[in-house]
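*Asks:* Take this structure, written in structure tokens, and hold onto it; I'll ask about it next.
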Amino acid sequence: SLSFLAQATARALASQCVSYSIDMRPPLPLLLPLLLATFFAIAHAETDTVAAPSPTLATYPPPPPPPPAWTPVSSPRSPPQASTTVSPPPSPPPAWTPVANVNVQSIKQVGQFAVRIHALHVEVDLVFVEVVSCRTQPSSDGFIYQLVVAVTGSGAESPQYDAVVWGILGTMRWELRSFKPK
């Protein structure tokens, strides 16, 4: 039923805010329309759009081949050393990849998520307008999204905000990590 769905969505949103130490529960008349709008937007997006392919490691170019081994010609081989295993240094994190089309539904939804969660957390009137720019980086089974979002509303300190979101497309696992006026 709809009330079960609203309660499940509220619990899911509440679970996303577990890192906050203050219990910020907005009143039900404020929260219910937002939850219903989110539900209908997601349901509409799933039926009317083709899912954008999730960026995967396969979209990144392969690393360059290792340099050829070099062995000096004039020096004799050294005796084997005691068994010490030297592990290679950790590989650097993958580079940021710019998103060419920020009007893709999945990127818009990430921007909407960032604006809604911030507005609910600090109890201000913010309305999502558009994603101005976005870039992604693989991280911990998901992706980190760095976005610039345009907003309106009486609570807007700036017309644009920098947002950092971690999440896994197609799941309820999302975190708003940063939301700052630009």
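Yeah, the Cβs are placed from backbone N, Cα and C, and that goes for glycine too.
For reference, TrEMBL lists these features for the protein:
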COMPBIAS  60-70  compositional bias 'Pro residues'
COMPBIAS  71-86  compositional bias 'Low complexity'
DOMAIN    100-181  domain 'Cystatin'
REGION    53-94  region 'Disordered'
SIGNAL    1-45  signal peptide
*Asks:* Is it possible to list how many residues within the domain 'Cystatin' (100-181) are helical, extended or coil according to DSSP?
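*Replies:* The domain 'Cystatin' (100-181) comes out at 18 helix, 40 strand, 24 coil.
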*Asks:* Within the domain 'Cystatin' (100-181) only, compute the mean pLDDT.
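*Replies:* That stretch averages a pLDDT of 96.
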